[in-house]
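Asker: Here it is, the structure in full.
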Amino acid sequence: MRPPQCLLHTPSLASPLLLLLLWLLGGGVGAEGREDAELLVTVRGGRLRGIRLKTPGGPVSAFLGIPFAEPPMGPRRFLPPEPKQPWSGVVDATTFQSVCYQYVDTLYPGFEGTEMWNPNRELSEDCLYLNVWTPYPRPTSPTPVLVWIYGGGFYSGASSLDVYDGRFLVQAERTVLVSMNYRVGAFGFLALPGSREAPGNVGLLDQRLALQWVQENVAAFGGDPTSVTLFGESAGAASVGMHLLSPPSRGLFHRAVLQSGAPNGPWATVGMGEARRRATQLAHLVGCPPGGTGGNDTELVACLRTRPAQVLVNHEWHVLPQESVFRFSFVPVVDGDFLSDTPEALINAGDFHGLQVLVGVVKDEGSYFLVYGAPGFSKDNESLISRAEFLAGVRVGVPQVSDLAAEAVVLHYTDWLHPEDPARLREALSDVVGDHNVVCPVAQLAGRLAAQGARVYAYVFEHRASTLSWPLWMGVPHGYEIEFIFGIPLDPSRNYTAEEKIFAQRLMRYWANFARTGDPNEPRDPKAPQWPPYTAGAQQYVSLDLRPLEVRRGLRAQACAFWNRFLPKLLSATDTLDEAERQWKAEFHRWSSYMVHWKNQFDHYSKQDRCSDL
């Protein structure tokens, strides 16, 4: 045994290979194995090696970039996902994998407010990976699981974004957190209903497959598959709602959190006819032949599969039927399968007894979208708009309604004591877009779920982060509660205030309490301010900001009565009038044609009579 000891003291012979050999012979496996045991996990597909991450409160284990589906590339483009086949060896799960192909926002290059939502990994169609964060050391008893679905209008988003870093929430609350990538844009939601080659909703099916993976594998990470809470924001929240409404998904989770989005939002779904129109329009734009209702669909999809991914992305926005804000090209389709009916119909007909749901919005849901196309708006000025710009903004903020309906919106949102005031018009258009697309669909969903047996909690998030880069006039924009839910202020490299760190800890506790019990309140402190359930009658919700909980009633009740009650009746009445007018005009046209024909016949007959008399 002398030679190895001598060699160990001979620097010239201490090559990396030799040191590795000596480490193996000297018991390094046992010593390192005790540390690595937390980072080695076996799931149904094979073995994974994770990474230990630091937080101010201690370490967590992270398993990043776990494959859960076969790459949806080539002939698999537009098709439902296929589970990942088992692998040999150990998959390196120490870093995030590629982001699904998508549109990249270049409106404000280098601006933190937009760059934070842009992909932070390379784009690829090989993107169906998920991530798991778990306490270090791993829980010895089953731990509640939170599963995150990102937003992004169904056209963008990635689970690898810094704002979705799960380490702080997991360390603070000792939960297990899972997030997944899913296909977006045409790759996830292009639909030719009735076609097996592009059935639509495959992005939702990606999410469902990840939920099935959680049921099969999360116990290996210390998670409890019988206590899974699905949570998401914006399009992620709409996705959560669609899983609530789709029976094959419903059994894969047990509680739901919908942040700033709902499946009944006017932007969240399209019908089969519009889905087909958009798909064939995209095909036309990229030089593929039009499809029909039969075999031509196969040819159209085959052609679309030959087009480079970036080419499809470049043309996606051109399929929208008109200029608009808060409308997206490829979204879930009411296909009779994943969604057996419209979300509104499914919500109204559903049985939600025993369901536990947390829903909410931020203070200024509409402001973010105005700088993406509303007349007169920009992040670089105060956006003090004119009356004419407000009127034009209503038409892009509420597309596809009649002139009478648009006039009703203008009437409701105008401050008639100051109808020309630019600041009031700016705030009014922000409210139009936010109420129409987020606040009132969420309020409608909360009321219906509560009326049908669900236990619902509701909030309005009202704190503007001290680090926010968007201008002050935008208030608390869409998406800017997320950093607090994930505990990002606890990152010592960031410049949040001490009060914001405490606030983030409060919010993480509310979300974790809900994941554990279905109730966000602190069970160990009955003297703490209580968050009451939201009921269809009382409509109680809480304000979330740096102050203690404040209970309020009626989530923008007047505005939502307009959107959820009055406007649908107006649209229905005008649709009836329009149909009556169409029928009257058609009958008048037929009568006029008949009279012209009768007159011609009569004239011909009269001439014949006169000739016979001669």
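Heads up, the Cβ atoms here are built off N, Cα and C, so glycines get one too.
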Asker: Of the listed cysteines C440, C611, which one does Swiss-Prot record as disulfide-linked to C560?
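Answerer: Checking Swiss-Prot: disulfide partner of C560 resolves to C440.
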Asker: According to DSSP, does C100 (disulfide bond) fall in a helix, a strand, or coil?
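Answerer: DSSP assigns C100 (disulfide bond) to strand.
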Asker: Give the sequence-ordered list of residues that share a chain with S234 (galanthamine binding site), lie 6 or more positions from it, and have CB atoms under 8 Å from its CB.
Answerer: G151, G152, G153, Q259, S260, G261, H478, G479
Asker: Of the disulfide-bonded residues C127, C288, C303, which sits closest to E233 (galanthamine binding site) by Cα distance?
Answerer: C127
Asker: Of the residues named as huprine W binders, G153, S234, W470, H478, how far apart in Å are the Cα atoms of the most distant pair?
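Answerer: Comparing all Cα pairs, the maximum is 20 Å.
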Asker: Using Cβ atoms only, which residues of the same chain lie under 8 Å from C560 (disulfide bond) while being at least 6 residues apart in sequence?
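Answerer: Correct list: D435, V439, C440, A443, Q444.
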Asker: Where does E233 (galanthamine binding site) sit by DSSP, helix, strand or coil?
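Answerer: Reduced to three states, the DSSP call for E233 (galanthamine binding site) is strand.
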Asker: For C303 (disulfide bond) and E365 (active site, charge relay system), determine the Cα separation and express it in whole Å.
Answerer: 39
